[in-house]
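Everything on this sheet refers to the single structure shown next.
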Amino acid sequence: MAINNFLLFNLTLHLLLLLRVSSDPSRITGDVSRTPKKFLEYAKSPEVLDWMVRIRRRIHENPELGFEEFETSKLIRSELDLMGAKYKYPVAVTGVVGYIGTGEAPFVALRADMDALPMQEDVEWEHKSKVPGKMHACGHDGHVAMLLGAAKMLQEHHQDLQGSVVLIFQPAEEVFAGAKKMLKEGALNHVEAIFGIHLTNRVPFGKTASRAGSLLAGSGFFEAVITGKGGHAAIPQHTIDPVIAASSVVLSLQHLVSRETDPLDSKVVTVSKVHGGNAFNVIPDSITIGGTLRAFSGYSKLQQRVKEVITKQATVHRCNASVNLTPEGKGAVPPTVNDMNLHKQFKKMVRELLGEESFVEASPVMGGEDFSYFAEAIPGHFSFLGMQDETESYASGHSSLYRVNEAALPYGAAMHASVAVQYLKDKASEVHDEL
Ligand SMILES: *[C@@H]1O[C@H](CO)[C@@H](O)[C@H](O)[C@H]1NC(C)=O
Ligand SMILES: [Zn+2]
Ligand SMILES: [Zn+2]
């Protein structure tokens, strides 16, 4: 869609909205069933959309890696200051926890991650990353903009909130440690439920995908050093060849999924790194291999078998092996499991906000997300927001050609705001029922 037409269209909508809003001082509380649609109209208005786009582009130009999101965090805080929202900072180095509403229970959280990836952007455009070797290629710049958009809308209606909305701006999702650290520092204290949204090119624009139960896999890494005894490549009998041992290890690891796993229970063992040797005629002393493991269940059993296979196969070939299950300090994240009740609420919200046909039942994905730490601590719900356009194709996450379809930002902002309002409203009516 041409952005100018789009804006013009929304400007008109916004003017209509303003007229209606000004004659209805209670706004959000007035007609409950129309609340979500109002959020979407407002999020699409230039006042909110252009502002979100500006924020997203500023963050995109200055990508920061995990736990280094100082400028991003500063930008978030200055926007929260401008809208008059309270927040805690720092929570987990650069993290920000904002609060909107009564300041009292119930508390419902919305989460955005802030970090970029250590890769070079190959998209040539006006707001290309200005930092060589760093890029927002997972849409986290868009996630921050969407959550700020929701914050703005919620703050403007803060008197109508029947509880508190907690805004989680989280560092270091890509290195899988940010959520854990935020939890440890109390970001979710008193919070009853948390919702997260991720932009994706795998879902059509304007639609959202999710499912109840397991959505994303438990995910982690391994690295092993297989040590033999190097020597002359033409006199192998005087060496202990780690290349043969490593080859054997790589093949044997494939049997963990093909022979030891229920074919209906998805798991992945990938060896993605093999390093060793420098010369045509020298057998090296050691080979280093590494890779990733994915599973929805039985993750620690799989880890244990990986370790066993590597060390025992090395022994078969007279080599020794040491296995590291947290290479570079990267621990495993649990699977992301969506709470049944929150999923029902989410679907209801989507129906009211975007219409029935905009919900897509997601298949589980073997990718990992550290949102899982939050969803393990309290009921959580993670969903994907579609960007894929019929006329334009968007690259997948972690591609150097990754782009965000900025027209999707209002959808994310409105979904965030609506689901929070609805959660608090449902909670209030529950309490009412009990009385
Ligand atoms: C393996 O470890 C054992 C015990 O430390 C040691 O005796 C042996 O020399 C090692 N073998 C290799 C190939 O490094
Ligand atoms: Zn990512
Ligand atoms: Zn991501």
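Numbering starts at 1 and runs along the chain as displayed.
Every residue, even glycine, has its Cβ placed from backbone N, Cα and C.
Copied over from TrEMBL, here are the features:
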| type | residues | note |
| --- | --- | --- |
| SIGNAL | 1-23 | signal peptide |
| BINDING | C138, H140, E174, H198, H398 | Mn(2+) binding site |
| DOMAIN | 218-309 | domain 'Peptidase M20 dimerisation' |
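Structural mapping of features recorded in TrEMBL.
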residue : record              : Cβ contacts under 8 Å, 6 or more apart
C138    : Mn(2+) binding site : A116, L117, E173, E174, G397, H398, Y402
H140    : Mn(2+) binding site : A112, D113, M114, D115, A116, E173
H198    : Mn(2+) binding site : G139, H143, E369, F382, S383, F384, L385
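Per-class residue totals from DSSP over the domain 'Peptidase M20 dimerisation' (218-309), listed helix then strand then coil: 31 helix, 35 strand, 26 coil. A Cβ distance below 6 Å to any atom of ligand 3 is met, among the binding-site residues C138, E174, H398, by C138.
Within 8 Å of the centroid defined by the CB atoms of C138, H140, E174, H198, H398, the record's Mn(2+) site, lie the Cβ atoms of D113, D115, L117, H136, A137, G139, E173, G397, excluding the listed residues themselves.
Around the Cβ of E174 (Mn(2+) binding site), 19 further Cβ atoms fall within 10 Å across all displayed protein chains.
H140 (Mn(2+) binding site) falls within a helical segment according to DSSP. Listed in sequence order, the binding-site residues among C138, H140, E174, H198 whose CB lies under 6 angstroms from an atom of ligand 2 come out as C138, E174. In the three-state DSSP assignment, the secondary structure recorded for H198 (Mn(2+) binding site) is strand. For H398 (Mn(2+) binding site), other Cβ atoms within 10 Å of its Cβ number 13. Predicted-model confidence for the domain 'Peptidase M20 dimerisation' (218-309) is 97, expressed as mean pLDDT.
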